[in-house]
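Heads up, the thing below is written out as structure tokens.
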């Protein structure tokens, strides 16, 4: 069997990225991509790589996932996450979870330690306890910025819809040297959302999908719109019909925009290692590593390329 060249692609959310957060968003997706690629380079699995990349962004307060998540109407953090293995279509997800630092880790445990695919709220909490995942006090996940936004959105003349433009889901897709694909997606959801609101992220086929027969994708953007068109699965459907990752992504995003007026972004890798990072919003932070070349950007048409050397990967791993 010819060994595949591993590829990882990550996104840090589609929407509007404010000037003062641009640098941090770029650095954050690059770090996540390099950490995931480090695993792939050492012969690790696509599953481990996407989990590692997403965990890196959950721990980074620049992104709306894990620490830095936006707050619901009551001022609490409720998070959703999904992971999927393209080999056998196994998947694990959690929704509306509180007080844990890394929902993606919990999603992986749901996939591997239960017969189920999705655990929610208090059930997910009990499962986390049973698995020995330490509890993180809710306020530890709340940044000053999330707090300020929440307060602003509570004002009678505020328009939370306006603030939804900087939707920061995080995600990763990868193909490893064995040719297996995987996806992972994690989010804090919409600012000032109703208690118990679950978006596309935890929903298989919407927030992400992975199938070795076609590829893997992770989505970001307006959750309700993404769910209406089952965006992740739609992209893979287009690839099954022979489209390239880029064409499939653009076609699906265009359909979501014309059909339901929804904006978003996606990252895609197909089973031969071609990748795409596409978005219909103003911006989306993304990064990819393939053939030891790092590519990254935020604006439409923006693409920086740098060689990745061993020292780079070693430094990232030891951080």
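Each Cβ is built from the backbone N, Cα and C atoms, and glycine gets one as well.
TrEMBL annotations: computationally assigned, not manually curated.
Over in TrEMBL, the protein carries these features:
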ACT_SITE  169  active site, nucleophile
BINDING   197, 198, 199, 200, 220, 221, 222, 223  substrate binding site
*asked:* Please identify, from the binding-site residues 199, 221, 223, the residue with the sparsest Cβ neighbourhood, meaning fewest other Cβ atoms within 10 angstroms.
replied: 199
*Taking the residues the record says bind substrate (197, 198, 199, 200, 220, 221, 222, 223), how far apart in Å are the two Cα atoms that sit farthest from each other?*
16
*In angstrom units, rounded to an integer, how far apart are the Cα atoms of the residue listed as 'active site, nucleophile' and residue 222 (substrate binding site)?*
10
*Residues that sit under 8 angstroms from residue 198 (substrate binding site) by C-beta distance, when 6+ apart in the chain*: 80, 95, 96, 120, 189
*asked:* I want to check the contact list for residue 200 (substrate binding site): same chain, sequence separation of six or more, C-beta distance under 8 angstroms. What comes out?
replied: 206, 207, 219, 223, 224, 226, 227, 231
*Out of 197, 222, which of the binding-site residues is least crowded by other Cβ atoms within 10 Å?*
197
